[in-house]
Protein chains: 2
Amino acid sequence: MSPLLSVSRRLRRTPFSDGVEAAGVKGYTIYNHMLLPTVFRSVEEDYHHLKTAVQVWDVACERQVELRGPDAGRLMQMLTPRDLRGMMPGQCYYVPIVDETGGMLNDPVALKISEDRYWISIADSDLLFWVKGIAFGYRLDVLVDEPDVSPLAVQGPQADALMERVFGHDVTNLRFFRFGWFDFEGNTFAVARSGYSRQGGFEIYVEGHQNGMPLWNALMEAGRDLDVRAGCPNLIERIEGGLLSYGNDMTRDNTPHECGLGKFCNTQTAIGCVGRDALLRVAKEGPIRQIRAIAIEGSAVPPCTAPWPVTVNGRKVGQITSATWSPDHKTNVAIGMVRMDHWDEGARVVVETPDGARQASVHEKFWY
Amino acid sequence: MSPLLSVSRRLRRTPFSDGVEAAGVKGYTIYNHMLLPTVFRSVEEDYHHLKTAVQVWDVACERQVELRGPDAGRLMQMLTPRDLRGMMPGQCYYVPIVDETGGMLNDPVALKISEDRYWISIADSDLLFWVKGIAFGYRLDVLVDEPDVSPLAVQGPQADALMERVFGHDVTNLRFFRFGWFDFEGNTFAVARSGYSRQGGFEIYVEGHQNGMPLWNALMEAGRDLDVRAGCPNLIERIEGGLLSYGNDMTRDNTPHECGLGKFCNTQTAIGCVGRDALLRVAKEGPIRQIRAIAIEGSAVPPCTAPWPVTVNGRKVGQITSATWSPDHKTNVAIGMVRMDHWDEGARVVVETPDGARQASVHEKFWY
């Protein structure tokens with residue numbers, strides 16, 4: 001079913017690739033020009049394990065864009081309609097990044113390291129190019145670069161138990177979307193309570209390529225009796241959880257409001273955001289289409305490799321961009337965007353899959 | 001050997017993907033968030049066929065960045081150290097694109113459509129983000145966007161014969177790196193004499209996703225007696241030919257001069273190029289490392305998935321970034337970057353491959 005991936009230097013290996021291979025990775029995707037594992041045993045077996053135990057994920061492909069210098073804060077606010085005035089060092093903010101038309105360029109998590117230093121942990125687009133272009137065009141006093149920092153995620157209900165063994169008890173005191181600095185074998189890494197699952201856990205920002213495998217091995221060793229395994233963002237779990245994927249569920253064509261990210265937009269007060277003018281109207285009136293959870297009836301759907309039309313009485317009212325069978329919920333779970341006249345809870349629609357039309361229903365909440 | 005690729009909407013299909021699949025594609029890479037075929041029968045069989053017949057390549061992943069408006073020409077010159085004053089509509093220019101430090105952001109071919117309109121046919125990076133950032137930062141009067149244009153390449157010694165049957169005799173009068181407008185079934189497409197091989201051929205800039213498969217099918221049908229096949233950029237042929245690959249053989253760490261692209265840099269006269277100041281010194285003094293052809297002795301090397309050190313007496317003097325066995329030249333052919341004290345014709349070096357150290361020699365010319 002899946003085609004083969006031809007490897008090359010351009011599809012960058014990560015500091016953890018040796019560990020991923022030793023753990024028997026079975027599939028990859030490419031994300032920020034880098035290898036991102038997609039499956040170890042099977043997507044379904046990985047899913048059940050993620051929900052019950054603990055996994056270590058190579059998410060080095062979440063590359064960092066570092067802003068450093070007197071204008072770092074100003075530049076950070078130019079990038080996003082979220083009001084950053086209350087952001088303190090040690091906080092992570094999920095920040096929609098928009099261009100001058102309000103179109104989504106990325107949906108990263110930003111870490112405020114200090115008043116004049118931020119890391120932006122990016123989704124799959126070369127956000128560095130936009131940030132460098134803006135910084136140069138505005139002659140800002142800031143350095144913008146990709147540092148040698150590679151996130152490693154620890155996810156699952158046993159994540160606290162595992163992390164405590166490697167980083168000490170204090171790491172378990174981290175609150176959600178906060179980060180602190182923790183030692184490992186003479187190095188100090190930022191560790192955040194965050195991650196691309198709904199099962200809880202941490203992301204460790206590993207500085208220095210050479211420090212990757214020692215930490216990977218230490219986590220695997222320490223978690224043996226917790227049944228720790230190599231894992232990866234899981235297609236089923238992320239759709240159940242409504243975790244959006246840039247490039248899948250949203251693109252530059254979409255505003256944050258269409259993506260259901262209006263709550264992260266303070267368009268009135270985010271002074272300086274380059275997309276603010278473009279977003280003022282949509283912020284006031286609301287979008288005319290929006291991300292929704294969609295339950296697709298019938299047997300397991302095929303992989304969604306291109307948008308599937310959502311129709312009502314033969315007229316297109318939206319599209320599906322991620323879909324899979326959910327073993328726990330015994331239905332196909334999907335993420336799509338639906339026009340306002342059909343986005344209310346329980347609305348009945350038809351999804352045109354490659355295997356034929358399916359009955360489906362629209363939901364305001366995801367499956368978590 | 002090759003891992004599996006997990007497909008999703010984020011890894012965009014192209015207007016030609018149905019044809020590629022019907023032709024039995026065996027492997028892909030990801031390029032500009034899009035599927036790019038890498039092998040049909042085998043890399044070696046594809047290579048022999050490319051050198052003797054004609055192939056149709058899905059290179060839709062060469063996405064276009066369109067500049068349109070009164071400031072399009074000014075913006076285009078800001079992006080590259082190549083002097084564009086002599087560029088006429090109908091010309092293609094290979095243009096190194098650099099940031100404010102002179103680091104390579106992309107190495108596309110630019111098409112001048114008219115005085116106020118350019119297409120930049122990009123290598124694997126989101127150049128659109130940089131161009132939009134610069135245009136916005138400088139408040140230029142220009143629209144920057146990705147149009148619905150997907151290149152389809154026709155490559156090989158029989159390319160003229162095939163193209164003539166579909167587009168008429170005039171298409172064979174195109175000179176190298178010139179383009180003209182040619183009709184196909186009621187549509188008019190830009191057709192250039194260009195392409196990512198040394199075997200000659202054309203690139204057709206197909207406007208409109210829906211026009212992809214009709215053209216694909218027409219070329220396949222018209223070339224049946226020419227043994228036309230679906231093909232793709234061929235690893236062996238491109239290394240023999242010294243065709244660089246952005247992300248493989250060069251990155252943002254490199255100047256154009258290091259990449260052997262000094263001849264495309266008119267640093268003195270490219271007034272307005274944002275990287276000009278940074279490049280003036282290297283333009284005058286020359287780089288201290290540069291791209292070279294490297295012949296690696298012994299049996300076939302494994303795939304190069306990370307830079308291989310090039311050493312002399314145990315000291316690193318460079319790195320290999322692309323390498324493969326050449327059936328025609330009966331040696332391993334490679335692209336690397338070597339320090340000036342070891343880059344002269346015939347210099348002896350050692351290449352540290354994952355399979356062990358190999359003797360190798362440095363060459364100033366590639367194998368074509």
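Any Cβ shown, glycine's included, is placed from N, Cα and C.
The feature domain 'GCVT N-terminal' is assigned by TrEMBL to A:23-268. Taken from TrEMBL, the feature substrate binding site covers A:GLU203. Residues annotated as domain 'Aminomethyltransferase C-terminal' in TrEMBL: A:289-368.
Close to the residue listed as 'substrate binding site' in the fold, though at least 6 residues off in sequence, lie A:VAL59, A:GLU62, A:SER121, A:PRO151, A:LEU152, A:ALA153, A:VAL154, A:VAL191, A:ALA192, A:SER194, A:GLY195, each with a CB less than 8 Å from its CB. Across the domain 'Aminomethyltransferase C-terminal' (A:289-368), the DSSP tally of helix, strand and coil residues reads 3 helix, 48 strand, 29 coil. On the 0 to 100 pLDDT scale, the domain 'GCVT N-terminal' (A:23-268) averages 98 in this prediction. Annotation note: the residue listed as 'substrate binding site' sits in a strand segment as assigned by DSSP.
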